[in-house]
Amino acid sequence: MRVSREYLELKEKSKKNSRGAGRKPRFTEEEKNIIRAQRKEGKTIKEIAALNNCSFGVIHKILHE
């Protein structure tokens, strides 16, 4: 069975959120890299969370992406 290129393009386009709905990211990629660097410097997740005014869970998720 062969799948047409048009079908694949349409399927890929439908995956994207055309309305821009959904939760916006809390941190940019640059900020996430800074958080990762802070962890490599030896700061605890709790300290990083306090510095960035967010929860332990948010930092943990960023570090394990």
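Note that Cβ sites are derived from N, Cα and C of the backbone, with glycine treated the same way.
Here TrEMBL flags 1-12 as compositional bias 'Basic and acidic residues'.
Long-range contacts of the region 'Disordered' (1-30) within its own chain (CB-CB distance under 8 A, at least 6 residues past either end) are made by residues 52, 54, 58, 62. Residues or ranges marked as region 'Disordered' by TrEMBL: 1-30.
Positions annotated as compositional bias 'Basic residues' by TrEMBL: 13-25.
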Summarise the region 'Disordered' (1-30) by DSSP state, stating how many residues are helix, strand and coil. 13 helix, 0 strand, 17 coil
